[in-house]
Each structure stands twice: as C-alpha cells, then as structure tokens.
Amino acid sequence: MFSLKQNSWFIRKVVIWRAVASIAWSVLLLPVTTAVFVLLSRFSLFHPIQWISDCTSLLTASSTIFSLVVLCGVVLITGFFNLEFYTLVPSIPCSRMALLGTVLHPRQCVHSLVYCTMGMLVMWCASVTIGGRYSTLGAPCRQSESGEVVTCLNEYHLFLLLAGAFMGYSHSFLGVVQNMYYVSFQPIQQYKYPRFKGCLPMVVKCSVIQALYSARNFAALYFFFGYVPKTWISSTLNLQIDSSLQPLDSLTGLLDFSLLYHLSISGTFLYLTWYLTVLLFRIYVTEAYSFPVQSTFTEDAEQCLPKVLVEKNTFVMKFLALQDLALLSQHSLSRRLEVFSLSQPGGHPHNWNAISRECLSLLSELTQRLVAHQDAVASNGRVKSQSASSDTRSASSSSSVVSGTEDIAETPRLSVPLRTPGSVFKSSVGGANSALTAPFTPDVDSPFSSPAIRRLVGQQDPQSPWFGTVQSPHIMRRGPKLWSASTECQSNGSPPASPATVSSPPAASQKPSFLAQWLQNRKEQVKSFLAKRVLIMYLFNKLPEASSQALFADCQAHIWALQGLSHLVAASFSEDQFGVVQTTLPSILSCLVVLLEAVDRHFKLPHASSKPGRTICSMGDSTYKTLRFALRAALKTSIYKITTTFGEHLIAVNISTEHRKRLQQFLEFKE
C-alpha cells in the first residue's frame, strides 16, 4: 500500500507525476463518456431528429456543465484513492474471518463511506441529465382530499440516489474481495495507447455486467426495505408522499422498463467512470522505467540500478528496477556490457556483484520461505520425515554456497525485502525471525490453530506443552528437534547448538501451577466446544488455495530476478570479457537447483497444483492466483537457458554431486 509520506526521489519524480497524468486523461475522457450517456438516456427510435437535437442542446446546457464539474471532482477523489490504496503485493485473506476483519476495518469503512457519497453524486448528475421525472427530489402534487398543491417526495429521484450509494458500496466491497487495487505487471510490454485500446472493450463489458448485477441486487433490496428510507426522508424534509403514484417498493412499481433501463445505463456510466480511472492508473504506474547501470556523478549514484535493487521501502521502484533488469538482460547489449564492466580504478566488478547478490538474496529468501512452509505442514501433528530434514539441510548448504563467493563474502541478508500481505501473518518484516514468518499460517490467531504452527511463527503459549524447543508430542520423548534449531540459527548467523550443550531448566520450574493448569483445561474445553459449531468452523477454516497463493503473492519480483540473472549468465558466455560471472556461477546454479527442489516439493502439497476456476468479468486482477505456476515455468526456463548455453562446460563448475545430477537432467532435456 502506498503512502504519501514516503520520502523517495522515485515517488516525487516518477510515481506522483504518472498518477497525475492518469487522472488528467480520466478528466479528458469525461466529456466523451458523458456525451455517450446523454445519447443513450434520451434515446428515441421513432424520433431520431428530435433525439439528436435534444441531445445537442442538453450537452451545451448549464446543468450539464455543472455536472461535468462535479464529475471532475469525483474523478480526482478516485485518483487519490487509487494512489493511496494501490499495492503490488495482493492482500490474500486465508479465512473468511480474516476477510470479514478486512471489510470491517475502520480504514475500509471510511473508504466505503466516501464511495457511497461519490456514487450518490454521480447518480445525481445522471438524474439531472436524464431530466423528466428524475430531475428533482421534490415534485408538486395535488392532495386528493383538499385538492391543494403541495410538494411531494419524488421517489424516482430518491431511487436513483440510493442506487448510487449502493453501487458505491459495492465497488468498495469488491475492491477488497477482488483485490481491485492490486497492480500487476504485464508479461508482454506495450505502449500506453495500444494497451488502453486493447483493454477498453473489457472495461466496458465489466461496467455493463456489474451495473446489471448491482441493479438486480438493489431492486431486490429496495423491494424489502425501501419503505424505511422513503419514510425517513419524507418526514425529515417535510415532504408528502403522493398516493396517486404506484410506490416503487412494490412488484408493480419495480416492473417499470423505463426505470430499470435508466438505472442500468446510469450504473454503467458510474462504473465506467471509476473503471477508466483505475485502468489508466494501472497503465501509467506499470510503464517500464530505465535506470542507469552506472553514473559518472556521485549525486546520481542512488538512482543507479545496483543501488535501486536493494531498496526495501519503495516497492514500486524495486519492482520496476527488477523489470528493467529483466529487459536489459534480454534486449540491451550496451547495458549488459556495463553490468560486466570493472570499476576504475581498482578493477572490481561492483555492478555485477551488487546485482547478483540481490537476486540471489531474493531467491534464497523464497527458498527458505518454502522450506519453512513445508516444515510447518509436516510438523502439524505429525513427525517430520527424514526427507524433509535432508531438504532443509540442502537449503542451508545452498545458502552457505551463496555466501562463499568473491565479493559476496558477506552473509546473504535474510531480511525480507518484499512484504507479504499483512493479512497473512502478523510479524514485522525484516525481523529476527523473518525467515520463518512466511505466509503459511494465516490464521495463527484462530482458536483452532495448531500449537506447532504458532511455534513456527513465534506465537507460543507459555503453558502449552509445546512451549520451548519441542514441536510435537511425538517428538517430546526424542529431545529437541535439530532441524528447527538449525533454521533459527540461520536467522541470527550463529552455529546450531548441539543437544548436549542445551541446558534444561529444573523440573520444578517446568511444572505449571494449579491455576494455570485449570485455565489451560478450560481454554481447551472452550476450543473443543467452538470447534463443533458449524458457523464458527465456517468462519475460521482455511480457504483451500489461499495459503499457497499467499506464499507466492510477491513472486513477480522473483520471476524477474530469475529472468535477469539467467539471461545475464547466458550472455556472459560470449560478452563477459573479464570473466566476472564465472566466480559466482556455482552459487547461481546451486541456488536455482535448490529453489527448484523446494518448488517441486510444494506442488506435491494439497491444493498447491490445482488451478483456480474462472470468474465473471471484473476489474479485480486475479493474476496473482497463477503466480506459482509462472514462477515454476520461469525457473525451469532459466535453468534451461544456462544449460543450453554452457553445455558440457558445466562439468567443470564446482557444485555438489546432487546438484550436478539434477543439472544433467536439463542437459539431456528430461525435465
């Protein structure tokens, strides 16, 4: 999520101006969409000449110009919310309770209230433009008893205003459910105009479909509860209710074709105005940006690609830098030569070392996240298998290989540079235990979560029998689990302690008090009681694919790191004059193979390999649901790119026997 308080040169010079440009184009498109709406609202099949003349005079009327000014204000507020709420890593609630908490969050409630207000404003402009019986809230009517002319409530105008508020809340609600503020990057780069022209039919289609759904739902809601706002507003504004007209909260009142037609086209105009603003913002923000590889002046050093890649706070800059790395590694010979160049004086490959270090750090972090997820699944009430333990040791050995290269002698950073959605886990990013705070335990606060899961994310009950180093009751008789100790030691850089050196506390201090034991028993009884309630289990149960989707939520950055690293390594075979890549080639190959093994093991888990079903047309971007498949394809493609380029020369590379056997499968095209 973006914050205007971020003090970054990229936010000030690039992102804000791109957002302003998208808002400006949205404002310029308002007269076009308004003219189309006027033509449709005054459509007359049997009087075409009068239809065109009425529309022409209406477009130049003062009421239409004032409505355009109001619509410009709505577009400005929409653009501000796009800039404030957009995110590059989608928020994936892993249970219905988490989704409910997101919808009821105070920030989201304010967002919904603002969009309800904007929906009423747009519908007011639409009703004024349509005119006739929709123009004003009060209309003159004659009382049946005395015959006196009084001001009555115009229910048609009220109906459209309430429909606008309902559509505004629907848009805000779907923005959370469908991740409408998630901004994804296109795999194929396009210029802004061709991309807008290609997406415009989809936006119009989504606007029409969503307007029809909202019109249907609002009509049903007004049929049951329409009497409440109608009575309250008439009594508050001292307006009479015209008894000679059919009320709209009845079946005969709602079966009005003209009313439903104007409601549908007004809703389409409302959604189209918002969706065009969202589309233009996505197009402008995700436009490729070229960072210089190296700079002559010291003042511009922070804007160079090696410096930008290590940025942790400005995610949009980091994503665009990784995208630029993937593009230059494939299409720019001159910039690749700058990456392979040596510093003067000194003759050190600082550019390559910084870029490769950051890419390897990203891939190693993803490997550790996958291994921690597999450890959590294996330890959830079961004994961890020997194969999983060996996989963890292989991941640890790969990390040590990465850290042993020239000019990368420092230990790779284990702090996560890209944040996983906050709805997935509660730990702070980049903390001491960030290697274990992976998005595999989204409902750690649930009363039905396993104590073994809480152990991995650092949330333990001191009175629980799993408190301490023990992970499962089956392992309690076997002493501490060495695999978990080694994983924790990787976080702080200290060597794993042997079981003989672990000092056990006295037996008296381990025995809980009577009160604590009584509270623990009551807590377990409450949990078992709630676990039998169907509604509670429905709210707290994990959604099938949510854990896997949340685990790979930020994998677009890893895909670019894989593409950039593999293409640079392949290009170095003929372009690297100084051999700077050869020093890190063993680390790169080991890191890719270990990540491939972790990904393959993840796809053997339940629901990990199942593809999401198709959804109806919506502006919510669902590409994050298939990111794990894209990552696996990019990973295999990257390894094939290196093996087909180097061929039999890889035999001379110093890597382990297991990794060499796996690479041989790629050399023989058996993967």
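Each Cβ is built from the backbone N, Cα and C atoms, and glycine gets one as well.
Annotation comment: TrEMBL describes 20-45 (among others) as transmembrane segment.
Taken from TrEMBL, the feature transmembrane segment covers 65-89 (among others). Same-chain neighbours of the transmembrane segment (65-89): 1-4, 15-16, 19, 22-23, 26-27, 30-31, 34, 111, 114, 118, 121-122, 124-125, 128-129, 175, 181-183, 273-274, 277-278, 281, 285, 315-316, 319, 418-421, 553-554, 556, counting only residues six or more beyond its ends whose CB sits under 8 Å from a CB of the stretch.
Counting only same-chain residues 6+ beyond the ends of the transmembrane segment (110-130), those with a CB under 8 A from a CB of the stretch are 34, 37-38, 41-42, 58, 63-64, 67, 70-71, 73-74, 77-78, 81, 85, 157, 160-161, 163-169, 171-173, 175, 262, 266, 269-270, 273. Under the heading transmembrane segment, TrEMBL lists 110-130 (among others).
Look at TrEMBL and you will find 156-181 (among others) tagged as transmembrane segment.
With a cut-off of 8 Å between Cβ atoms, the residues of this chain six or more beyond the transmembrane segment (202-225) that come close are 159, 162-163, 166-167, 170, 174, 248-251, 254, 260, 263-265, 267-268, 270-272, 275-276, 279, 616-619. As annotated by TrEMBL, transmembrane segment applies to 202-225 (among others).
What TrEMBL records for 259-281 (among others) is transmembrane segment.
Annotation source TrEMBL lists region 'Disordered' at 381-420 (among others).
Look at TrEMBL and you will find 385-403 (among others) tagged as compositional bias 'Low complexity'.
Sequence annotations record features per position, and here TrEMBL assigns region 'Disordered' to 482-508 (among others).
As annotated by TrEMBL, compositional bias 'Polar residues' applies to 484-493.
The feature compositional bias 'Low complexity' is assigned by TrEMBL to 499-508 (among others).
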